[in-house]
Structures are given as structure tokens and as C-alpha cells.
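Data block below; observations after.
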Amino acid sequence: PIAGSMVLAAILLKLGGYGMIRMMQILPTTKTDMFMPFIVLALWGAILANLTCLQQTDLKSLIAYSSISHMGLVVAAIIIQTPWGLSGAMALMIAHGFTSSALFCLANTTYERTHTRILIMTRGFHNILPMTTTWWLLANLMNIAIPPSMNFTGEFLIMSALFNWAPTTIILLGLSMLITASYSLHMFLSTQMGPTQLNNQTEPTHSREHLLMTLHLIPLMMISMKPELIT
């Protein structure tokens, strides 16, 4: 069920990251090469999850792997235990919690009208449900971490912290973010552009669906503009 996916991506996945932050306090905080294999493993896992997103034809699976890839960046930031790294990890977990939950909500909106999650079968929604296309665009821009969103703040802090700790990590980070932008654009174009496959009369969007998306994106934008709300 989609509600379970929203709770899993928005809350349960982030609880694991919070638990790691608490448990990492027992390890040494000084710079040591002991952490390098784990950082490389976390970033490589993020890249592999992003590449898996590019191969997905199932919309729900694509969003799920997207959440996994972002948590790879969070894990890498938590491991080095610097103030910027931990701040970026917390910011990205909160921001991506809203973003991934919103994407799952939009996937359910599409599924209720097409009864399929296959990307090629959900094309052409910009002609049928233009307001939903706007929500898709905003959610994908947040997923890409466009400035001045909180997603961008989190990723920028993580990138700065990892670069200061080990400059070579910028290669894996840059590759991960490039692939993230690629699959986000692919997801948006596959669900909204092109000729529609629907032959029957499509049910219009309901006020509750717009309210649900508003309750996801408005808090995220407010936190992006005023981070003091969560500090």
C-alpha cells in the first residue's frame, strides 16, 4: 500500500540514520583512514542505487531506490562526524523525508487513474491533469536538490564536509548527483510528456490530493527559507 511506502520513506528510513548518528558518538572523531573504506562504500552504494533508478520501469520502485541513494550520502556524512557533515545529514534526511513521501503520493495519484505503475503507460498527464504536472515538477526539482531548497542545503553541507575530509570523494559525489538529475528528469518526462495511453475518461484530481501535496511541499519550502524552524 502506498501509505506504508510514504511512512517507510519519510520516517522509518530516517530513523536508521538518526540511530547511526547516536551510535557513531562512541567512535573516534579524529581524522583516520579507518573510515575511508566505509565512506567509499556508502558513496558507491548511492551511485549503484542511482544507476538502478535509471533502469527501472516501475514508478514506485524508482522512487524507492531514490530514497536509498540519498541515504548513501547521509551515511557517508555521518561517518566522518564533522559539524557540517552531521548538519547536512540531518537537513537532507528531513528534506528528503518530505520529498520522497510527496513522490510516493504522486505515484499513487497516477496509479489510481491508470491502474499501472509502468512508466511508459503513464505518459501524457500534462494534457489531462495540468495541476498534477506542476506538483510533479516541484517534487522532482526538490529531489534534484535545486537551490534554495533544503535538499540543496543538506547536499551542499555534505559535499563540503566530505571534500574537506577527503578531496577525492568529490568524484563519487559529483557522479551521484549527475545521475540523480538524470533519473529525476527521466521520471518527470516519462510520466507527464508525450501522447497519453488512456482511452477512457480520466477522473480529475480531488481537493484532498492537492491538500496532501501542499502539506508536503509548503513545510519543506518554509524550512528551506527559514531553517531556524527546526534548529
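Each residue, glycine too, has its Cβ placed from N, Cα and C.
Per Swiss-Prot, the features are as follows:
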{"type": "TRANSMEM", "residues": "1-21", "note": "transmembrane segment"}
{"type": "TRANSMEM", "residues": "34-54", "note": "transmembrane segment"}
{"type": "TRANSMEM", "residues": "63-85", "note": "transmembrane segment"}
{"type": "TRANSMEM", "residues": "89-111", "note": "transmembrane segment"}
{"type": "TRANSMEM", "residues": "128-148", "note": "transmembrane segment"}
{"type": "TRANSMEM", "residues": "156-176", "note": "transmembrane segment"}
Within the same chain, the residues 6 or more beyond the ends of the transmembrane segment (1-21) and with Cβ under 8 Å of it are 60, 63-64, 67, 71, 74-75, 78, 86, 89-90, 93-94, 96-98, 100-101, 104-105, 107-108, 111
Lying 6 or more residues past either end of the transmembrane segment (89-111) yet within Cβ distance under 8 Å of it, the residues of that chain are 2, 5-6, 9-11, 13-14, 17-18, 21, 59-60, 63, 66-67, 70, 73-74, 77-78, 117, 122, 125, 129, 132, 135-136, 139-140, 142-143, 149-151, 153-155, 157-158, 191, 205, 209, 212-213, 216-217, 219-220, 223-224, 227, 230
